[in-house]
C-alpha cells in the first residue's frame, strides 16, 4: 500500500512538472517569435545578435539549480556518504550536451535569419513543419512508436507547411527582394529540420544517461546546451562586429534606446522559457510530444501577429492553419484513446502488483 502511495505521489509530481513546462513552452513559443520580429521591424538588423539572444540568458538556469542544491543539502542526512553536489553532470553527458548546443546555435542563426525576412505568421507556419522532421528522426533515433492518429497529424502538418510554398512572396515585405524572401523561407525551413533533429537527439541523450536522470540534471544539460549555443553565436557576432554596432543600433532604434534594451532582454528571457519548456516536456513524455506542443501553439502566434503587426492572412495561410488544427485534433484524440487503454491495463495490473522502474522525480 505504501508503494502505491509513493507511485501516486510520483505520478502527481510528474504531471505538475509537465504542466509547468507546458506553461514555459507556451510563453516562449508565442512570445519569442513576436519579440524577435519586433526587433527587426523597428530598426534591428543584426542576425547574429538576434540568434545570440535566443540562448544568451543561460545564466538564469543557475538560479533553480542553486536553489535545488541548497534544498538537497538541507534535506540530506549528515551521516550519509553521498555528498550533495552543485553539478552532477558527468563528462559523457556534458560532451553530448555540448554537441547538441552547437547544433542549437546553428539552428538559432537559421531561424533568426528567417524571422528577419518573413512575417511572423509565415515563419511560424513554416516552423510547424518541424513536427514532420521530429517524427522522422524520433523513429530513427529513439524508435518512436506511431499510431494511425500520429501519422495522420504529421501528414497534415507537413501538407499545411507545403501549402505556404504556393503563395511564396504574396506577403513579402515591400523593402525586400524576391531572392531575400525565398532565402528567408529556405533558412526557416532548414531551422525547422535541424530543430526536428535536435529534439530526438536530446531524448536519445536522456535514454543513454549512465546516471540517475532527475529534473535537476535536465536543467544542467540545458545549461551546457545554451552555453555552447551562445558561444557559437558569440563567434559569429565577433566576426560580424555586432558588439560594436549594438550601441549605435540602440540609439537609432525607432521605439527609443531604452525600449531597445527592454525588447532584447525580454526576448532573450522568453526564449529561455521556450528551451526549458521543450526539454522539460521531453523529460516528462517524449520528443514527439514536445514537437506536437510547439506546433499546437501555432494558432496563438498567428492571431498575435495579425492583431499586433497587422499582417496579411491570405487564403493559403487559412488552409495551412486549418490543416494544422486538424492535425492537432487527430493527434490528441489518438493520445486520449491511448491513455484510456493504458488506464484499463493499469487497473488489470493492480490486481497483480509488480515492481516498476520509473524515472526519479527529484528536483
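From the backbone N, Cα and C atoms, a Cβ is placed for every residue, glycine too.
Of all ranges given (22-46, 47-71), TrEMBL attaches the label transmembrane segment to 47-71. The stretch in closest packing with the transmembrane segment (260-284), judged by the count of Cβ pairs under 8 Å and taken from 47-71, 124-142, 214-240, 315-334, is 47-71.
With a cut-off of 8 Å on Cβ pairs spaced 6 or more residues apart, the transmembrane segment (47-71) and the transmembrane segment (214-240) reach 3 or more such pairs and are scored as touching. The transmembrane segment (92-112) shares more Cβ pairs under 8 Å with 214-240 than with any other stretch in the list 124-142, 214-240, 291-309, 315-334.
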